[in-house]
Ligand SMILES: C[S@@+](CC[C@H](N)C(=O)[O-])C[C@H]1O[C@@H](n2cnc3c(N)ncnc32)[C@H](O)[C@@H]1O
């Protein structure tokens, strides 16, 4: 492919995005292959252990490797990422497939990605959540969240107090929102790897995000209904995406100077809405993967002019190792595909002899404001590909000016620009970070699934529960006696087809039987257990939400919020468990959440030899285990069991920290209730190879 686009060159030279002397370095970088980057995810404790394994086992094994007479550099840590938890390597696919050590490392990455311990994410895309600085008590909203790579980082920050085996229940909240319904489901699928009782997913237009009611305690009246305001808001808005040109090389051909013009209005409205949803001491991070000032500084400037209570934050002392350039104070929008002419001011644009139809495509907000310096636009951050061999990116941090002053004052809701909620005719479809264009969700889904989430193991696991949300059309009623269709109509949401969430009574006999079976302690938050079906019956899956999520669900119409997901699934009905007292089984993703409430006597001890047997076969016979594990399971009642493995060394690997897993016991066999990809990853890590049935099949051994 010819990596040439004269319009692109002329436009960005006119913007002066980099000094003349750096232009050739910029050009060389955007024409070169983008290195692979990944982040060690999950709880801090697991992350540190896995990171140590990369440092102490993989990097030494990958050092001093020659391929076709060339020295291949090993992975290196991104210097700016906290605790060295993000890595970069630049090795051609051919080497990853053929060179034995790199092949081994690649399959380690694939396995760990599938289990959620590693997130393959562009380096620059990791930045916005870091600048947002989320704490476990924060109320956070990710306004344009799908497919969810930054949502995952935000969730991890909320869960900073998790341990290797147990999930904390943060007091804060994360709402992940996206207006594309299919993409919200992709996000939900991804976030199953990071189960959180503090997560809600909504499917709304961020530029018009509704006020959410919550019950707040008062000094005198007990409690009253108020409006939820967020401590942290991420606006990773839809954009033209030319910063991803190294990865999405089609941009070389398709790029036009007007690509960002039609998105500007929507971007301003999303940021403005965020400003109105922010608590006084809160913080907003606005980001795009576009280099275009019309989608970046122009949006910030316009939003600041409309909301003078806000200011840009000087974030130069945050992530000091990150190389960045200052935001622009002047730029030259263009609507011209032919002569490549651009204009330094709105006045100059209006005075030009352009066709009136073209003149209608830009308004004053697209152009640099007179007060660019006073607005501190240089505090915006531009990350260019040549600075540290990354993609191109833009980040700005905003806070309220009066954040440290006196009592809170509600900012006046500005009248929003009467612009259409869709980008204007000039607008191309916004490019999404994963490379797909908005609207082509099927391709986006396929692309992401290829890289990311693991399949559900349909053999022993939960197919029924997956279908649960698809029964939404059934005509049944909510607590107010309205049918789902009526609720949807009343909310102007005819097309919304998700099921409502209903909290179970702590006296519900199924809930009580699960609690008794698992011997959950009295402090288990049983009043926060909810189900997701129109009848409000515990017929399939039980979810757990934290207090804030419960508060929101109870005080808002779920259809108005287009609530697509909430909390985390902890228990599911085991169809094969008929005749067993408690037919519910604990889920792999729910176990870390429930673990802190389990009575130690309900957890059995296992050893790695037994684990090997459980991984090798789907339903190993109880009699195939060695004692003492054999007699332990033989003496247990049928149904859900939890098994704990202590750190131990094996011939080809080691278990470095405690591991707790869910089992299901039938009359003569047991089954390890985890995803088949999680089994494969665990097997490779503990036994040096994938001994699971799926792994053996892949290797042609079965
Ligand atoms: C740049 S992508 C977000 C990437 C995401 N933050 C991540 O890190 O995975 C922009 C997202 O905005 C969504 N979007 C577009 N218009 C929107 C709107 N008006 N309200 C909410 N989301 C919108 C798109 O569906 C897309 O998923």
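Using the three backbone atoms N, Cα and C, a Cβ is placed for every residue, glycine included.
DSSP assigns residue 289 (active site, nucleophile) to coil, not to a helix or a strand. According to TrEMBL, the active site, nucleophile annotation covers 289.
A 10 Å cutoff on Cβ-Cβ distances gives residue 144 (S-adenosyl-L-methionine binding site) a total of 26 other Cβ atoms nearby, all chains included. Taken from TrEMBL, the feature S-adenosyl-L-methionine binding site applies to 144, 145, 146, 147, 148, 149, 150, 178, 205, 236.
Here TrEMBL flags 408-418 as compositional bias 'Basic and acidic residues'.
Positions annotated as domain 'SAM-dependent MTase RsmB/NOP-type' by TrEMBL: 26-401.
Marked as region 'Disordered' by TrEMBL: 408-439 (among others).
According to TrEMBL, the feature region 'Disordered' maps to 471-494 (among others).
Distance from the CA of residue 289 (active site, nucleophile) to the CA of residue 205 (S-adenosyl-L-methionine binding site) is 20 Å. Under the DSSP three-state reduction, residue 150 (S-adenosyl-L-methionine binding site) is assigned to helix.
A sphere of 10 angstroms centred on the C-beta of residue 289 (active site, nucleophile) encloses 27 other C-beta atoms. On a Cα basis, residue 289 (active site, nucleophile) lies 13 Å away from residue 150 (S-adenosyl-L-methionine binding site). Pairwise Cα distances among 144, 145, 146, 147, 148, 149, 150, 178, 205, 236, the recorded S-adenosyl-L-methionine-binding residues, top out at 19 Å. A Cα-Cα distance of 13 Å separates residue 144 (S-adenosyl-L-methionine binding site) from residue 289 (active site, nucleophile).
Within the same chain, residues at least six positions away from residue 146 (S-adenosyl-L-methionine binding site) with a Cβ under 8 Å of its Cβ are 176, 178, 180, 183, 184, 186, 187.
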